[in-house]
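Copied over from TrEMBL, here are the features:
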- Ser66, Asp67, Asp68, Asp332, Asp334, Ser335: Mg(2+) binding site (BINDING)
Amino acid sequence: MSKQDEVMDDFKVRFYSAMVLSGVGDAMGYKNGRWEFGSFPQIIKDYNALGGYKNININRQEWRVSDDTVMHMATAIAITRHKVDEKVSNEKLCEEMALAYVRSMEDMNGRAPGRQSIESTSYMTPGAKKKCLKWNEIPYGTQGGGCGGAMRSMCIGLKYSSPDQLETLIELSIESGRITHNHPVGFLGAMVSALFTSYALQEIATKDWGSLLFDKIQPLAREYLKKTENQSNRKWEDYERGWNYFWTAWESYLKLRKIPFSKYTPPGDIHYPIFPDLYDFKERDEFYASISFSGWGGSSGHDSVIIAYDALLGAGDSWEEMIKRAILHSGDNDSTGAIGCCWWGAIYGFYQVPACNYDHLEYRSVIEGLAAKLYELRC
């Protein structure tokens with residue numbers, strides 16, 4: 001095998017590991033509903049009783065995937081329906097995503113789907129409401145800031161991972177979230193999930209992701225929202241408060257970790273990110289709750305991606321540490337696990353991940369098939 005073939009083979013593996021480990025992070029965090037939003041001491045007790053991650057055998061019976069993975073698969077299905085040489089518009093892809101999300105609701109028994117996702121998909125389900133709405137007609141919602149968009153958009157960053165596809169990535173990821181979560185905190189979380197996945201594939205240093213988001217992506221996202229503004233369900237005056245809330249949360253996080261707001265701002269003598277000297281399970285759990293909207297870390301569009309990013313920065317190439325930081329907390333840990341473990345897999349592949357963590361993952365063959373298709377269609 002040539003050096004170029006080895007590089008391409010590694011790149012392909014990272015597509016598979018991103019998709020598969022996202023499912024693993026979801027299944028592990030959900031633990032059939034026992035760990036999601038669970039008691040923090042009980043989660044740690046259970047984890048230790050199992051003997052740690054090397055003894056966790058992810059399977060459909062005891063560790064089924066939640067709504068996160070079902071809807072992530074729906075996104076992947078929607079954006080991979082076309083052929084390699086077929087030109088398809090963003091609008092068509094959005095129509096496909098909306099249809100896929102509606103259909104995904106048929107596979108939600110025992111998977112704890114979010115209230116906002118249920119409500120919004122019902123608007124697009126014929127016969128469920130007085131009027132069946134199109135994908136871009138979902139009403140603005142003050143309760144639409146949840147993580148339901150962020151947990152399912154990572155695959156967009158796999159397909160559109162090239163720097164020259166940034167505009168498409170921003171537009172599709174925002175719309176993927178806005179289809180059900182028409183609130184800036186919700187759909188901007190979807191944008192970050194996809195964006196950081198693309199950064200992972202591009203091998204951009206993780207410590208620079210936050211700087212690039214704040215400095216380069218923020219104005220592009222604002223420009224797109226202004227371009228698609230209307231006077232019914234997409235008014236900027238409705239969005240402004242949520243927009244400010246999202247970016248203020250990121251500004252506070254970057255300041256806390258001493259990460260510059262611009263990649264091109266000299267950090268001086270500071271080697272960032274900076275973590276507290278004591279930052280174990282308890283300290284992380286308290287921090288995650290503190291940045292959340294209502295005390296449940298990771299349940300909103302802003303904190304789900306901040307927590308996943310914080311976990312990735314702290315874990316480095318350690319799969320064990322990624323589990324501890326992204327999953328073992330008392331918030332929406334299946335979502336932070338799904339997002340963060342996708343990013344981790346897109347960087348490190350299956351490095352030191354025991355086969356028992358993914359061999360019998362529910363829907364593994366489907367997920368791997370989607371990973372292959374995403375790789376084939378990558379732009």
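Residue numbering: from 1, along the chain as shown.
Cβ atoms are placed via backbone N, Cα and C, with glycine included.
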As a test of the contact definition, list every same-chain residue at least 6 positions from Asp68 (Mg(2+) binding site) whose Cβ is closer than 8 Å to its Cβ. Asp26, Tyr30, Met151, Arg152, Asp334, Ser335, Ala338
Binding-site residues considered: Ser66, Ser335; fewest surrounding Cβ atoms within 10 Å belongs to Ser66
Let me check the 10 A CB neighbour count of Asp332 (Mg(2+) binding site). How many other CB atoms are there? 30
Can you name the residues of this chain that are 6 or more positions from Asp67 (Mg(2+) binding site) yet have a C-beta less than 8 Å from its C-beta? Ser104, Met108, Arg111, Ala112, Pro113, Gly114, Ser117, Gly148, Met151
Around Asp334 (Mg(2+) binding site), how many other CB atoms lie within 10 A of its CB? 30
Which are the residues of the chain, Ser66, Asp67, Asp68, Asp332, Asp334, Ser335 excluded, whose CB is within 8 A of where the CB atoms of the Mg(2+) site average out, their centroid? Asp26, Gly29, Tyr30, Glu36, Thr69, Ala112, Cys147, Met151, Gly337, Ala338
